[in-house]
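Here is the structure we will look at, set down as structure tokens.
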Amino acid sequence: MPDHIKAVNDAVLSFDGDLVKKLVTGAIESGVDPVVLMNEGLSKAIVEIGDRFGREEIFLMELMAAADACMGGVKIVKKTILDNSVDAGKPKGVIVMGTVEGDIHNIGKDIVKTLLEAAGFVVHDIGVDQPAEVFVKKAIEVNAKIVASSALITTTSPNQKKIEDKLREAGIRDTVRTIIGGAATSPEWAEEIGSDYYAPTATDGVNIIKKYFEGA
């Protein structure tokens, strides 16, 4: 792991929000790709924090402190990505995105949203802790072609299957594609619940969505 990225990672793991912002700004000014910084530094750090919390090695307050520290860096990276975006004109596609019910984590989702918006897509972010019905209602409302859901906690991933079920009940499953991501997901889980795509990283998610719309 390059020094700039490792330093950001370590700062998040130390719950030092001020240092995270300083290091992220310095890394970007030094020419580090903001997408790489997001994926390799900030995202991996928050996944590690989530794993530590799952193993009961840290307390909830520490988990929240790390998330706050990470978000300070995410905001800087998001602004950089959007400021440097050159995609404009007609929107390339409409996507509904959110974190499933019972899960309040938003960092991974926000990363994907930023990258997609920078690439010219319209993203309707319904937020965190959202029931399957809300995903479906919004997809119908905006005529979305992609429904993307994130689950970081294992106990909440079954709610991704509920999204599949509710899309079928609404009669629109054949007209949309679903993509899942988050630490609680896997290719096997995507296959089990019937999701069209699985994205192990934010960049993978963006690339999958781009390829879908290019071929649509």
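Every residue, even glycine, has its Cβ placed from backbone N, Cα and C.
Computed from a predicted structure; not experimentally measured.
TrEMBL annotations:
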- 1-89: domain 'B12-binding N-terminal' (DOMAIN)
- 92-216: domain 'B12-binding' (DOMAIN)
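Summed and averaged per residue, pLDDT over the domain 'B12-binding N-terminal' (1-89) gives 86. As a summary of secondary structure, the domain 'B12-binding N-terminal' (1-89) carries 69 helix, 0 strand, 20 coil according to DSSP.
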